[in-house]
Each structure stands twice: as structure tokens, then as C-alpha cells.
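Q: Checked TrEMBL, it gives:
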TRANSMEM  A:6-25  transmembrane segment
TRANSMEM  A:37-58  transmembrane segment
TRANSMEM  A:64-84  transmembrane segment
TRANSMEM  A:96-115  transmembrane segment
TRANSMEM  A:135-161  transmembrane segment
TRANSMEM  A:192-214  transmembrane segment
TRANSMEM  A:220-238  transmembrane segment
TRANSMEM  A:245-265  transmembrane segment
TRANSMEM  A:271-289  transmembrane segment
Amino acid sequence: MDLSVINPVLLIAALMSAATPILLAATGELVAERAGVLNLGVEGMMIVGAICGFAVAVESGSPALGFVAAAAGGALLSLLFAFLTQVTLANQVASGLALTLFGLGLSALLGQGYVGVKPPSMPDVNFGALADIPILGRILFSHDPVLYFGLALVAAVWALLKFTRAGLILRAVGENHDAAHALGLKVVRIRVLAILFGGACAGLGGAYISLIRVPQWTEGMTAGVGWIALALVVFASWKPWRVLLGAYLFGGITQLQLNLQGAGVAIPVEYLAMSPYLVTILVLVILSADKSRAPASLGRIFHASS
Amino acid sequence: MKLTTLLTSAAMALGLATAAFAAGHEKTKVGFVYVGPVGDGGWTYEHNKGRLAVEEEFGDAVETVFVENVPEGPDAERVMTQMALDGADLIFTTSFGYMDPTINVAKKFPDVKFEHATGYKRADNVSTYSARFYEGRAIQGHIAGKMTKSNIVGYIGSYPIPEVIRGINSAFIHARKANPDVQFKIVWAYTWFDPAKEADAAKVLIEQGADVVLQHTDSTAPQAAAQEAGNVITFGQASDMAQYAPMPRVSSIIDDWAPYYIARTKAVMEGTWESTDTWDGIGAGMVGIGEITDAVPADVKAEALALKESIASGAYHPFTGPINKQDGSVWLADGEVADDGTLAGMNFYVEGIEGDIPQ
Amino acid sequence: MIRLEKRPEPSRGFAWAAPILAVIATFFFGGLLFAFLGKDPVQSIVTIFWQPLFGEFAFYYRPQLLIKGAPLVLIAIGLSLGFKAGIWNIGAEGQYIMGALFGAGVGLAFYPAQSAMVFPLMVLAGAFGGWVWAMIPAVLKVKFGTNEILVSLMLVYVAEQFLASMSLGLMKNPEGFGFPGSRNLQQYASAHNAEIVADTGMHWGVVAAIIAVIFAYVLLARHRLGFAIRVTGDAPRAARFSGVNPSRLILFCLGTSGMLAGLAGLFEVSGPSGVVSIDFNVGYGFTAIIVAFLGRLHPVGILLAGLLMALTYIGGDIAQSQMGLPAAAIQVFQGMLLFFLLAFDLFTNFRLRLGRVEVA
């Protein structure tokens with residue numbers, strides 16, 4: 001066992017990249033949930049984003065265009081969920097799960113011709129001399145643009161919810177849709193937009209896996225990340241910065257356990273592999289002293305006449 | 001058992017029907033049961049390529065059918081039964097977990113031939129087959145030992161099962177022979193399939209100094225991580241992964257089931273099929289070694305090819321003594337060759353590998 | 001313009017008609033999908049829905065419906081109790097695994113002793129295993145107010161690691177030549193959950209599922225606790241005033257759903273599956289959530305929904321083999337079916353009105 005082989009700087013840089021798909025998807029889901037919509041279809045939207053992004057990036061040769069397509073694909077799939085839950089007033093939990101099933105199948109059909117293909121790679125942002133600063137340069141200035149976009153997105157969502165009228169409206173709809181309706185707010189329209197935003201973010205998260213982190217296309221390649229993203233929203237008590245914290249914590253522990261294995265630490269591997277989940281539970285128990293709660297209308301069906 | 005009789009009579013009825021319509025029903029029907037999707041780019045993808053090769057070889061004389069994503073257990077048993085009921089003559093079941101279901105179904109259909117991959121239970125109408133991937137690992141180990149500058153070779157394992165442990169040992173023995181200072185760093189992903197986790201594992205190994213990464217997982221995630229790092233080499237696994245050649249992918253182990261599937265189908269067509277236990281390697285073409293690229297120095301490449309030749313011809317066995325177990329006890333005396341039984345169930349590291357096998 | 005008007009009370013007629021309409025719509029759009037993939041749409045749909053029930057080999061597939069449907073129904077019944085009361089157990093998959101591990105563990109510990117006591121003990125252990133795993137989120141919720149959705153979901157992944165660890169270590173078959181996976185309980189008579197009547201698919205898990213349906217029906221319709229569950233779900237505040245103890249309800253709902261999921265796992269591992277292996281769990285715990293909602297959280301509805309899901313799995317596999325449809329197309333088809341079932345439910349509670357919006 002030799003812990004000195006673990007380089008904390010590289011570990012932090014790696015966890016930032018590892019956490020980005022979860023971060024993107026969870027931020028999108030957070031906005032949807034703040035509007036009172038519980039969409040359990042994150043995994044489905046992510047994998048559809050992963051293949052849409054991959055296919056377009058391969059065909060066009062541009063990863064950036066791929067990410068645009070991924071966001072569009074995720075949003076398009078979420079539109080199905082929006083129709084079911086907002087127009088036909090279907091149960092959100094069941095619709096979300098069905099969306100995941102549908103998305104997994106659809107992505108596999110779309111991706112049939114893309115197995116074993118190598119996508120164009122996305123270059124890291126060039127910060128010039130900044131990247132050469134010891135420690136900080138590697139951690140802060142050595143990543144791809146989507147990672148920075150993810151961080152900016154968290155900040156933007158936080159600012160939107162906290163300071164803008166749009167954020168206030170969104171929260172009002174999520175807290176009490178009947179009151180919001182009485183105030184003349186277009187509850188359904190706002191929720192559809194929130195769902196679309198969530199879908200687009202999930203799509204981006206999926207494409208981050210298929211275009212940057214792995215990068216390749218295989219069926220089912222998101223391998224359950226969507227569920228972790230859903231859990232993180234709860235973990236974060238619906239607060240954007242805590243989503244960031246949770247994503248980094250989760251990504252960090254996963255990285256750490258792999259690093260410990262590499263260093264030959266004598267803890268049984270299966271217990272190390274469990275650790276990200278156990279630590280998440282532990283932190284949640286500690287955080288549950290904080291009584292901030294879910295949006296009051298979360299998952300409830302809204303109909304104007306009821 | 002009532003069902004057994006029912007099924008047998010159904011099968012017999014089908015058999016009779018086959019005989020009656022002999023002229024119109026000459027096609028040999030071959031079924032494949034897959035554990036993953038054919039688009040997994042790895043294990044199932046390669047089995048499906050074998051199926052397509054059978055179709056190509058025999059054209060209209062055979063009909064192949066397959067079901068993908070079949071969970072091990074009752075679902076597998078149902079799918080196999082269904083194929084048999086539909087008149088399959090030969091069924092390939094391509095995952096270790098299909099072992100007991102295959103035996104169960106084979107009992108009910110004595111006239112249908114079954115071929116189970118990677119298992120050890122046979123019957124009059126059940127054969128087993130598997131590939132000696134460790135032969136390919138020996139070649140990888142040799143190249144890894146010669147090419148590493150940091151003397152650290154990373155290895156990504158899925159689960160600590162005999163198949164994976166055998167590969168680690170084979171690679172390690174030959175890496176040490178080529179370079180006595182080489183060390184292996186082994187990371188277990190504890191999943192069969194999670195490309196993102198494989199990418200993380202590869203990055204961790206590289207960050208901890210590995211400049212060669214071997215993998216027993218099927219995604220190209222380690223290749224991409226190695227390419228990003230720049231001076232790290234990798235090997236294709238299951239499929240050639242030539243899209244990452246010549247660097248970082250310098251060679252590969254390819255699962256090639258086509259020759260076996262064609263031979264067994266032919267045996268059924270000609271009525272010569274018998275229950276056998278096949279464990280083929282490079283020689284028989286079941287394990288393919290992908291092109292060694294120019295990133296490997298010419299002398300190392302020549303040595304690797306010579307090693308491949310000697311293994312293929314049977315002149316050399318990768319597990320030839322003297323080899324000690326990890327605890328220093330003697331496993332194989334000088335010149336002694338490992339028996340297949342020990343290899344099949346291998347659950348120990350050889351001397352020199354650090355760390356414990358997770359239990 | 002078209003608008004929705006809430007019915008004074010749910011339409012009984014539409015409660016029956018909606019699923020039929022949904023199935024017809026799925027036939028149509030699913031047929032389009034299959035045609036697009038170059039397959040005969042009519043034949044595809046006949047293969048999926050007709051063959052398992054009335055085809056040439058229906059004598060084999062009908063029992064398989066019970067085998068595939070039983071765990072779904074058993075788990076979904078448990079989940080529905082909690083869902084009705086607003087208690088979200090998303091981790092039935094983990095409880096299913098732990099039930100199987102506890103139950104199989106007891107059975108394997110007795111190997112090779114033959115005794116009529118072994119199987120009943122395994123059943124108890126299986127129920128206990130699932131119960132314990134569900135009590136973790138339950139107790140954390142009651143003690144600390146921790147969100148049960150997250151804890152129960154995380155525990156699924158923990159349970160999967162336990163399962164891998166057990167398959168590779170403690171429960172590994174000592175006669176298995178080092179391969180992962182336990183002894184096959186089908187070959188250990190005292191621990192084998194065999195068919196009660198041969199060739200019917202009727203094993204103890206099916207019996208348990210039927211008992212669970214009846215139990216849930218009676219509980220919800222007649223028992224005080226059932227009343228408490230319904231009130232808590234509909235109006236939590238009112239429930240408090242009517243003397244419902246929320247903590248006790250949480251412990252009961254999560255505990256019961258965990259117990260039933262554990263039982264499902266035990267019956268599966270000792271019967272149809274037979275072995276503890278790394279890939280023992282195949283997603284019943286998650287599919288059961290869909291089944292619960294598809295059955296509108298009603299015991300009889302869940303029974304029908306579970307059988308319908310089982311039918312699409314079995315028919316889907318037949319269609320893959322006979323028609324060469326990719327598994328992904330079957331998944332999309334299943335997704336469509338669920339979408340339409342959910343969407344057409346609208347007309348049970350609402351009706352369409354043409355014309356101008358009235359001013360209330």
C-alpha cells in the first residue's frame with residue numbers, strides 16, 4: 001500500500017470531469033422539480049441525448065453541434081412527458097419511468113449504426129499561461145468547455161431562482177399551483193418549459209458521457225447515472241449549489257475508491273465500491289437536520305378547473 | 001413430468017412434420033441466446049458476428065434466430081425452450097449464467113443440440129466451448145513488459161472470476177519475463193458494463209503512473225483515456241478497436257467465434273455432431289491477435305509474433321513452470337505445464353503480483 | 001375549442017374502456033414502428049399478444065406468465081400501499097436482492113440436510129431480509145426526517161455490491177470449480193420452491209402474490225389501517241386530526257413493501273432462478289413501480305397490470321426470435337403501451353367538451 005501515488009490535484013481535476021454528467025442532469029431536474037414536476041425519466045433522456053449528440057457529432061464532425069443536438073434530443077423526448085403529464089394529466093411517477101423504458105429502447109434503435117465508431121474529440125479550453133499555474137492551473141484551467149458550461153449553468157439557475165421574477169414565478173407554480181393559477185400565471189405553460197429545460201440538460205449530460213468521458217456509443221451506456229442525478233436533487237434539498245456539492249462529493253468518492261484500489265489499500269473492494277452510496281446516505285442523514293423541504297406541489301397533477 | 005412428455009411429443013410432432021415436409025423444410029435452424037444487446041460492441045457483438053458468419057457460409061441452407069438481452073435464469077430457460085419448440089436444431093447459449101438453464105432445457109429436448117459457452121456442465125446433447133484468451137494475454141504481457149518505461153502496468157478487471165484472474169496471471173508472467181522490474185496495478189470495476197467507470201479506472205491508473213493499460217472490460221473508454229494522456233499504450237479487448245490504432249491501441253485480443261460456429265453447424269447438418277468440450281486458442285483461430293502496430297519497436301514486434309507462433313503451434317504453453325503461487329509455494333515445477341482443470345477454476349495470483357484477490 | 005371538464009365522479013365505463021383504447025392505439029403506432037423497421041406489423045403484434053396466450057405452444061407460455069408476473073405483482077402490491085400514503089419506496093430492487101440473499105443463505109447453511117423445516121425457515125429469512133433493508137430508510141425517515149426516496153435507491157446499489165460479494169465469496173458453490181454463483185437450490189429438494197402442481201407455473205411465489213392481492217384488497221377496503229393509508233395520501237393534515245400516527249404508518253408501509261419484495265426475491269432464488277449469482281436481479285423491483293401505477297394502485301388492477309407486463313416480455317422475446325425484431329423495438333413498444341395506458345386514463349376522470357369556455 002502506497003498512498004503517495006495518489007495525487008490530490010489530479011484527483012480533484014478528475015472528479016470535476018466525472019461529476020459533470022450528473023451535475024448537468026441534476027440541475028435540469030432541479031428546475032423541473034422546482035416547478036412542481038417530478039420527472040423520473042432522466043435516465044431515458046440522458047441516453048437519448050447521448051446518442052443524438054454522438055450521431056450528429058460523428059456526421060457533422062463537430063462536437064459542439066453534437067451537444068446542441070443532444071440538448072434538442074433530450075428536450076424532444078421530454079416533450080412526450082410534458083404532453084402526458086400536463087395535457088393528459090397522467091401520473092408523473094409512472095410517466096417518468098415509462099419515459100426511461102422508451103428512451104432506452106429508442107436510443108438503441110437510433111444507435112444501431114454507430115457501434116465501434118470513434119467520435120471527433122472536443123479540445124480543452126485554452127487558457128494560455130493560466131493553465132501553467134501550479135495546482136490551480138490543473139484544477140481550474142484544464143478542462144473542456146462543457147464542464148465550464150455546467151458550472152455556469154448552476155450559477156445561472158441559482159441566480160434565476162433567487163433574484164429574477166421568472167424564478168419567483170417558477171417557484172410559485174411549484175409551491176402552490178392553484179394559487180399561482182388564481183394569480184393569472186400560466187401554470188401548464190411554465191411547467192412545460194421547465195420540463196423541456198430539464199430534458200435539454202439531461203441530454204447534454206448524456207452527450208458528455210458519449211462524447212467526452214468515454215467517448216463511444218454502446219447501448220445502455222449511461223448505466224444508471226440518471227438515477228443518481230435524481231437522487232442528488234433530493235440530496236441537495238432543491239438548492240443549486242448543493243447539487244454541485246453533491247455531484248462533486250459523489251464523483252469524488254468514486255474517484256477516491258478507484259485511487260485507493262490502485263494504491264493497494266487493503267479494504268475489500270466490494271466495500272469500497274459501496275462507499276459512494278453509503279457516504280451519500282450518511283451525508284443526507286446529517287443534512288436532514290435542515291428542514292428545507294420539497295416544493296409543495298411536487299408530483300401533483302394540476303387542472304385549472306379542480 | 002407431464003410437461004416433459006408434452007414437450008417431447010410436441011418436438012416429436014415437429015420432427016415428424018419436418019420429415020413429412022422434408023423437401024420444403026431442409027433448412028437447419030440455429031438459435032443464439034445473448035446476454036447483452038448486439039450493439040454492446042464487445043462480448044455479444046462478437047457472438048453475433050459469428051452468427052452472421054454462419055449465415056454467410058451456408059446461405060439458404062440455414063436459418064439463424066437470436067434473442068438479445070436475455071437475463072440469466074428463468075427468462076433464459078424460456079427463450080431456449082421457445083427456440084426448441086419453434087424447431088431449432090442447434091442452440092448456442094452464450095453466457096456462463098445460462099449453464100443450468102441450458103442443461104434443464106436440453107433434458108426436455110433430447111433431439112436438439114445445445115452449445116453452452118464458458119461453462120462446465122455437459123450432457124449427450126450439450127457441448128461446452130470457450131476460448132483460451134490467456135494465450136493472447138501472454139503476448140500483451142510481453143509487449144507491455146518491453147514497452148513500459150515507468151515499469152507500472154495498469155489492469156482493469158470486471159469481477160474477480162477465474163477467467164479474469166487467469167488473464168492477469170498470464171499477462172504478468174510474460175511481462176516479468178520481458179522486464180523483471182515490472183509491477184501490476186489492478187483495479188476492479190465491480191461491474192460488467194459501465195463505460196464511464198472504466199474511463200475513470202483507466203484515468204486513475206494513468207495518473208498513478210501506469211503507461212500501459214490492459215483491460216478485461218469491453219469498452220473503448222481506456223483507449224480514449226490513454227490517447228488523451230498521450231504516451232500510454234493499450235490493447236483492444238473483444239473487438240479489434242482499430243479506430244484507436246496505431247496509438248494508443250498497439251494490438252488486440254479478438255473473440256472470433258465464427259470458425260467454431262460454422263464447424264458445429266456443419267456437424268449438425270451432416271449428422272456428425274457429438275457432445276464435446278472445446279477450449280480453443282490462437283491455434284484454432286478462436287482467439288485472434290489484432291495487428292501489432294508500428295508504435296511497437298520492430299524487435300519487440302518480432303518477439304511478440306514469435307511468441308504467438310509458438311503458442312499457436314502448441315510448442316509453448318503460457319503456463320509453463322517454474323511458476324510459484326503468490327505466497328511463494330510451488331505451483332508448477334520446472335517444465336511442468338498447467339492442467340486445464342486448475343486453469344479453468346484459477347483463483348490465485350502467481351508470485352510477484354501485489355495485493356489480494358477480492359473475496 | 002376543446003377543453004377538459006372534470007367528471008363529478010370517475011366514469012366506470014371509461015375505467016374499463018381506457019385500457020382497451022390504449023391497447024388499440026398501441027397496436028396502431030407499434031405497428032407503424034414495426035412496419036418502419038421492415039417487419040409485418042400485423043404479424044408482429046399477433047406474435048407478441050396472441051401467441052403466448054392462444055398460439056400453438058400456449059400450453060408452455062401460459063404457466064410462464066405466472067412465473068414472470070408473480071414477482072412483479074408481489075412487489076407492486078407492497079409498493080402500492082406506501083404510494084397511496086405518499087411514502088416512496090423506490091428501492092424494492094434492493095429489498096428483493098436482500099430477501100434472496102437472506103433466504104438462500106439460510107437454505108445453503110442447512111445444505112445438505114433434508115428437512116421439511118428448511119423451506120419455511122428460508123421464507124421467514126427472505127421476508128426478514130427484505131424487511132430489514134426497507135427498515136433502514138423507514139427508521140432514518142422517522143428518526144431524522146431523511147428522505148426515503150434517496151436512501152432506498154442508494155441501498156439498491158449497496159445491495160448489488162453485497163450480491164456480487166456473496167456470489168464471489170461466501171455463497172460460492174464449493175463444487176463449482178471456482179466459478180461465481182451459489183449451489184443450485186433447484187437441486188436441493190428441501191430448499192426448492194418447486195411447482196406445486198407440475199407444469200402449471202404455480203410455485204409458492206404465485207400463491208404468495210395471490211394472497212397479497214387479497215390481503216391488500218381487504219386491508220384497503222375494510223381495515224382501519226387501510227383507511228389511515230388512504231386518508232394520509234389524500235389529506236395528510238386531516239389524517240393527523242383523525243388520529244393517524246404517521247411514524248407508525250411509515251414503518252408499516254415501508255416494512256410491508258420490503259417484506260413482500262424480499263419474499264419475491266426468495267421465491268425467485270429458490271425456484272425459477274435457483275442460484276445466487278452476480279446478475280440475479282433483473283429489474284423486477286423497478287418494473288414493479290410501473291406495474292403499481294399502471295394498476296392505479298388498486299390490488300386487482302395491479303394483478304392485471306403485472307400479467308400484461310409479463311405478456312409483453314414473453315411475447316417480445318418470441319417476436320425477437322421469430323421475426324428478428326430487435327430487443328430495443330420491443331422496449332419502445334412497451335414504452336408506447338405504458339404511455340397510452342396512462343394518457344387514456346384521462347377520460348376516466350375528465351370528459352372533453354367542445355365549445356366556448358363558460359364563465360363560472
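All residue numbers here begin at 1 and follow the chain in the order shown.
For all residues, glycine too, the Cβ spot is worked out from N, Cα and C.
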Q: Between the transmembrane segment (A:64-84) and the transmembrane segment (A:96-115), are there three or more CB pairs that fall under 8 A, provided the residues in each pair are separated by 6 or more in sequence?
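A: They do touch: at least three Cβ pairs between the two stretches lie under 8 Å.
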Q: Assess whether the transmembrane segment (A:192-214) lies in contact with the transmembrane segment (A:37-58), where contact requires at least three Cβ pairs under 8 Å among residues 6 or more apart in sequence.
A: yes
Q: Counting Cβ pairs closer than 8 Å, which of A:6-25, A:64-84, A:135-161, A:220-238, A:245-265 has the most of them with the transmembrane segment (A:271-289)?
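A: Per the Cβ count, the answer is A:245-265.
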Q: For the transmembrane segment (A:64-84), could you work out the same-chain residues 6 or more beyond its ends whose Cβ comes under 8 Å from its Cβ atoms?
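A: Those are 39, 41, 44-46, 48-58, 90, 95-96, 99, 102-103, 106, 119, 122, 145-146, 191-192, 195-204, 206-207, 211, in sequence order.
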Q: Spell out yes or no: are there three or more C-beta pairs under 8 angstroms between the transmembrane segment (A:37-58) and the transmembrane segment (A:220-238), with each pair 6 or more apart in sequence?
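A: Yes, since the transmembrane segment (A:37-58) and the transmembrane segment (A:220-238) share at least 3 Cβ pairs closer than 8 Å, they count as touching.
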Q: Out of A:6-25, A:135-161, A:220-238, what stretch is closest in contact terms to the transmembrane segment (A:245-265), meaning most Cβ pairs under 8 angstroms?
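A: It is A:6-25, which has the most Cβ pairs under 8 Å.
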Q: If we skip the immediate neighbours and take only residues 6+ beyond the ends of the transmembrane segment (A:135-161), which ones have a Cβ under 8 Å from one of its Cβ atoms?
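A: Non-local partners: 9-10, 12-13, 16-17, 20, 23-24, 27, 30-31, 34, 64, 67, 122-125, 127, 167, 170-171, 201, 204, 208, 212, 239-241, 243-244.
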